[in-house]
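Colleague: Quick one: structure below, then a few questions.
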Amino acid sequence: MVSSAFADRTKLCLFDVDGPLTPARRTASPEMLQTLKDLRKKVVIGFVGGSDLVKITEQLSANGSNPLDDFDYGFAENGLTAYKLGKPLASQSFIKYIGEDRYKPLVNFILHYIADLDIPIKRGTFVEFRAGMINVSPIGRNATVQERNEFEEYDKKHGLRAAFVKVLQEKFSDYNLTFSIGGQISFDVFPKGWDKTYALRHVEDEGFEEIHFFGDKTYKGGNDYEIFSDPRTIGHTVNSPADTIRILKELFLDN
Ligand code: M1P
């Protein structure tokens, strides 16, 4: 039986943010926000993004509203920062896991590697230190939307991030880390198992009849792959917010 917190809503829908709910790093449309509002009357809803909560909040807030009030569950950094009905759940610390002594050689190596990269442009914030992971960007997280798009195209041709990840996997093979390319300009680094399935730890005892997951990078190697293929979820691959709305209507809203 589903926990009393959710009354008669017995199904859960979890959404990756970039792609399924919004265009990459952009805000959700009024149509998407209205669809989620309608959906929430029927099923429990949650977001599960790789980004940190500040960025997800920018993307999902409608006229200054707080997404933690608009979703039953809020999972940032793959669920390492987690909220249920607006209240924080236990979180995890990347630096505690890895330890300062092991972190220093890793970040030093990353910064040297980026310094030696000859790419068309570089901006700022090459390593973003988060609660449950670090995010590494060869161009830098301060890139504008246009610069992001150009970098993404450049990376498709040159495989810059894939090569970088391969070097790190070899050099730090004893660190038990996952290097995950989830967005346009960066990759995430976190302990093995701290992928999006981490979020499921927070919901598995609620007794949901079904847990649906909507993601775009659901292929092997994508950052939605593990949760999409997890036996606890029913996975949906979507390629845009419009695609998500279409499936939600078919499954939950048009009947
Ligand atoms: O949600 C997917 C990814 O979104 C961002 O990636 P990028 O800036 O490269 O487009 C980051 O927040 C990343 O952590 C996240 O996995």
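Just so it is clear, glycine is given a Cβ too, placed from its N, Cα and C backbone atoms.
Heads up, TrEMBL stuff is auto-annotated, nobody curated it.
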Colleague: Of ARG25, ARG26, which does TrEMBL put in the alpha-D-mannose 1-phosphate site with ARG130, ARG141, ARG148, SER186, ASP188?
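Modeller: Between ARG25, ARG26, TrEMBL records just one in the alpha-D-mannose 1-phosphate site with ARG130, ARG141, ARG148, SER186, ASP188, namely ARG25.
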Colleague: Of the residues ASP38, ASP216, ASP254, only one is listed by TrEMBL in the Mg(2+) 1 site with ASP16, ASP18, PHE228, THR233. Which is it?
Modeller: ASP216
Colleague: Counting across all protein chains shown, how many other Cβ atoms sit within 10 Å of the Cβ of ARG141 (alpha-D-mannose 1-phosphate binding site)?
Modeller: 17
Colleague: Does DSSP put ASP230 (Mg(2+) 2 binding site) in a helix, in a strand, or in coil?
Modeller: coil
Colleague: Can you see whether DSSP assigns SER186 (alpha-D-mannose 1-phosphate binding site) to helix, strand or coil?
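Modeller: It is coil.
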